[in-house]
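To start, the structure under review is shown below, and the notes come after it.
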Amino acid sequence: MKTFTALAALCLATAAPALAQLQPEELKKESLAETMQPHWVWLNDISFDRMLDGRAYLVDADSGQMLGMISSGYGHGILMLAEDGKSFAVPSTFLARGTRGERTDVVTFYKTSDLTPGAEPVIPAKRYNGMPFQSVSPVMPGGRFGLVYNFTPEQSVTVIDMQAQKMVGEYATSGCSLIYPTGPSKFFLICGDGALQSATLDAEGKVTLGKTSKKLFADDDPVTEKGVWTGSQWLFFTYSGKVHVIDHSKDVPAIAKSWSLTTPAEKDWRPGALQAAAYHRGTGRLYVLMHQGGPDTHKDPGTEIWVYDVARQTRIERIALETPALSVAVSQDDKPLLYTTMMGETDLKVRDALTGKLIRKIDGFGPTMTIIQPAPVPAK
Amino acid sequence: MKTFTALAALCLATAAPALAQLQPEELKKESLAETMQPHWVWLNDISFDRMLDGRAYLVDADSGQMLGMISSGYGHGILMLAEDGKSFAVPSTFLARGTRGERTDVVTFYKTSDLTPGAEPVIPAKRYNGMPFQSVSPVMPGGRFGLVYNFTPEQSVTVIDMQAQKMVGEYATSGCSLIYPTGPSKFFLICGDGALQSATLDAEGKVTLGKTSKKLFADDDPVTEKGVWTGSQWLFFTYSGKVHVIDHSKDVPAIAKSWSLTTPAEKDWRPGALQAAAYHRGTGRLYVLMHQGGPDTHKDPGTEIWVYDVARQTRIERIALETPALSVAVSQDDKPLLYTTMMGETDLKVRDALTGKLIRKIDGFGPTMTIIQPAPVPAK
Amino acid sequence: MTRLDRIMERMSRSTARGISRRSFFGRATAFGFAAAMPLLPVSRANAAQQPGETGDPQSCDYWRYCAIDGFLCSCCGGSTSSCPPGTEPSPITWVGTCRNPADGKDYVISYNDCCGKSGCGRCMCNRNEGDKPIHQPSGSNDINWCLGTQVGMIYNCSTAVVLGAAD
Amino acid sequence: MTRLDRIMERMSRSTARGISRRSFFGRATAFGFAAAMPLLPVSRANAAQQPGETGDPQSCDYWRYCAIDGFLCSCCGGSTSSCPPGTEPSPITWVGTCRNPADGKDYVISYNDCCGKSGCGRCMCNRNEGDKPIHQPSGSNDINWCLGTQVGMIYNCSTAVVLGAAD
């Protein structure tokens, strides 16, 4: 902003700055900090009724300002955020004639500082298309590899080398779904019959499937696909509100322990929504969107956020929401912010995650926002 | 609907049709009548805040039902409707990566009966992009050729052979704008200095520019680009509400006569909006969106529709609108319907064009509808 | 084991364990498609109802929509059992079981997507009776099922086709 | 003849009579572009104001917007005189004349579009003071001026750059 600085100096030098004639300006391009700041957050919008025009908005939750956006084609999913917050990649799908013609899937790399498309490897045109979840394209802890879930309806994963910004390859997954990373080169998938399928990456990113667990989840109270990573464990939630903590330390995934989000007296309350829960690593708090309702309400928006101490498996707090929310996320710094959005509405609500107090609403986005992605944190 | 017919027969043959178990169904594809019906109407939606996903909706204004749609890429303009109502073509723009990469402009041909893309000649990637007007891609009377206006900011026209479904070529226009057809092989353009530029097509569709008129329109009260064709003459409207009737019968376009939409007592009323006026050929009635406002309100929506007898240059009626409208059109049959839409709203309002009475609202479109295109009428 | 369970199990086994796309389509195509006759569109949505049904197919609370997620084809130029002009039915899809209030019976409903034009935008409807997570794909309405069509993967609207009684 | 009239006449002559695109860009580029320094974005929109201005650049009634049509870059990660990160300024555009209420003077404002990402969607603003029909392109806000950029033609938002006093 050299021009502005020069002008300010000029005006300070004159006696009546308010009367100085405005000076001709030069049109500039903005840049951003090199690293995503702790209270910056990406809002993904699938643009459901104009799905060719998916996008994500970058917002500074402290200033309440929009910082920029990316455009990302048909059925926008989520961003693959590098752990250091300096770059990210976006899996995207394009057809030659918009809604028709040859399909091309790519992963487009961006620097945070300029939001300008860089390397763009073509990947198999098999990317999952539908409502996005965090497990459709996660970055592995450590940040070397990123994985993209494919569904055609055959299922597979495409491995991306995030450093080389190239595709490694596509690997079949025996028909199990989604991607739940548990280490720099280790992940599992979830199978339709209630089992978990382990898998590893070698040094080059080639996937080898490991053992499949026995059936871990009940058919009459299935776990949702909306697992939450605490930094060391995966938590899965059932339709009725059970929490299954996964032990991924051995060859075969198992349930380490199970507990319930609700007491018997609270059994009409259930978890729900699209991005149903968020975990704050520093405090060990779990934030869950809860609503009152019976069976088949597992996608209903939350009317309250219930806050849990995960280590003690106890509820700390209930945060009443002014209006229902379909997505919740929390920043990972030590003054954490709690974010919520609602499908059909256009604002991001920002709260103090420790008190639950509403700080501000930032409006003008959406109206079909899906997954909220706060600034990433490096793996321990 | 064979299945349905068969089922109906089956049920009529049984004594208690309401208790009969439902039969397995076959999923079918709908078709439409071969010809666009008099009360069918296309609603163009530029999808302003998701502009990659432009579209047009086909609606039956009698039944209030949506009949189908087309998807048409970035910055959707208008349809090129064949005079016989059996087919149409859509100029469209696509980029290889949605918002980035190589630009390809095409004209896609469709039959009314199946709304399925057919021939799709590539045209110069120069198509005008911006708010659409009826003169950005008209079909010439008689229907042999269609013209597409280009702006890069150099100006030219691309000629399409509507029968052969091929591009004829691109022709420079000396920097004058838009396309106002006056016969099967004759049109004029409007120039920035207030003149009109005549042009002709030869038998193959090649354009030859003719003479340029003297300055016809005043700088301090310019005509809008929203001229209306009566079937035999072009009417142009100035910001303040003058009507200039163009004489195109000679080599050089001229003003045949001028009159005013308002009396001196009504001078705070002005024409405005995006699709500002419509003409019904059978009755000679002109429908103009009018509002109260001073200078610089030439794009304000209309709060009333004023109806004129063009031959007598007199106002017949004032139709008060419940809510303002930005587009108006009229069907050309002898029980004409009057259509209005409003940017930011999602409904089509349907009126009796002879009485002004509101017949129905058809909701769920938009919310950035631009030009309304009723069923076409063959040239006299 | 109900018929739905059998269908779900069969579909689930095939999608969940990676049978070839061709054979999956081969099976799913048994649902069948036929060309409809040109027809004036007035009350097309209602005309698609069978005798023994009541309710408004353009309303989200219509009985067949108990597990639907999307724009109702009945509002988009199609019906509960037909795709709008110029769109192609998805050969594979998710299924649900809905109770017909007129006869009190449960029916298996196939929610085939219509594909090849962008989202219709009218009559958005999301109901989740019996809806499964996406790792049980044949019961999940979160997946864009247009992925299997010849015209590509672009979603226009959703139908609700009666496959048969659920028991 | 005011300075605006001269600018308009010059631009109008060039666009209206088909000079080469290269020479048009050659002239328009005199408006100039420079790379901005990285900057924390807090109140970026306000920071772009010059001394001698008042009002809210994120509000449609801000004085510079008297002939704008589009999403305000001030709400989209840019400002009245800067494009959001990753978007490219249109080298050619339309101009208007707006009165600065703080000094009562008229200024020529250039409404350059920022391009290469899809429409921002925030702070839609349409004002038409002095707006001309599209056959007078240099005064028309109905045209997507992104057509001249290297990144293509995709419209993200609109700026309102002070070119100078109008007289």
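Positions of Cβ are set from backbone N, Cα and C atoms, glycine also.
All TrEMBL annotations are machine predictions without curation.
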Partner cysteine of D:Cys120 (disulphide bond, per TrEMBL) from D:Cys73, D:Cys75, D:Cys76: D:Cys76
Additional site residue, D:Asp61, D:Asp69, D:Asp103 [criterion: listed by TrEMBL with D:Asn141, D:Asp142, D:Ile143 for substrate]: D:Asp69
Per TrEMBL, cysteine bonded by disulfide to D:Cys157 (from D:Cys60, D:Cys66, D:Cys73): D:Cys73
TrEMBL annotation, disulfide partner of D:Cys83 among D:Cys60, D:Cys66, D:Cys114, D:Cys115: D:Cys114
Disulfide-linked residue for D:Cys66, taking TrEMBL as the record, within D:Cys98, D:Cys115, D:Cys123: D:Cys98
Spatial neighbours of D:Cys83 (disulfide bond) among the recorded positions D:Trp94, D:Asn141, D:Asp142, D:Ile143 [C-alpha, 10 Å]: none
Summary of DSSP states over the domain 'Methylamine/Aralkylamine dehydrogenase light chain C-terminal' (D:54-164), given as helix, strand and coil counts: 13 helix, 38 strand, 60 coil
D:Cys66 (disulfide bond) to D:Cys157 (disulfide bond) - Cα separation in whole Å: 16
Disulfide-bonded residues compared (D:Cys83, D:Cys157) - the one with the fewest other Cβ atoms within 10 Å: D:Cys157
Densest Cβ neighbourhood among D:Cys76, D:Ile143 (recorded positions), 10 Å radius: D:Cys76
Sparsest-packed among the disulfide-bonded residues, when each Cβ's other Cβ atoms within 10 Å are tallied, from D:Cys114, D:Cys123, D:Cys125, D:Cys146: D:Cys125
Within 10 angstroms of D:Cys146 (disulfide bond), Cα basis - recorded positions out of D:Asp69, D:Trp94, D:Asp113: D:Asp113
Largest CA-to-CA spread of substrate binders D:Asp69, D:Asn141, D:Asp142, D:Ile143, angstrom: 9
Interface-adjacent disulfide-bonded residues, chosen from D:Cys66, D:Cys75, D:Cys76, D:Cys83, D:Cys123 when a CB lies under 8 A of chain A: D:Cys75, D:Cys76, D:Cys83, D:Cys123
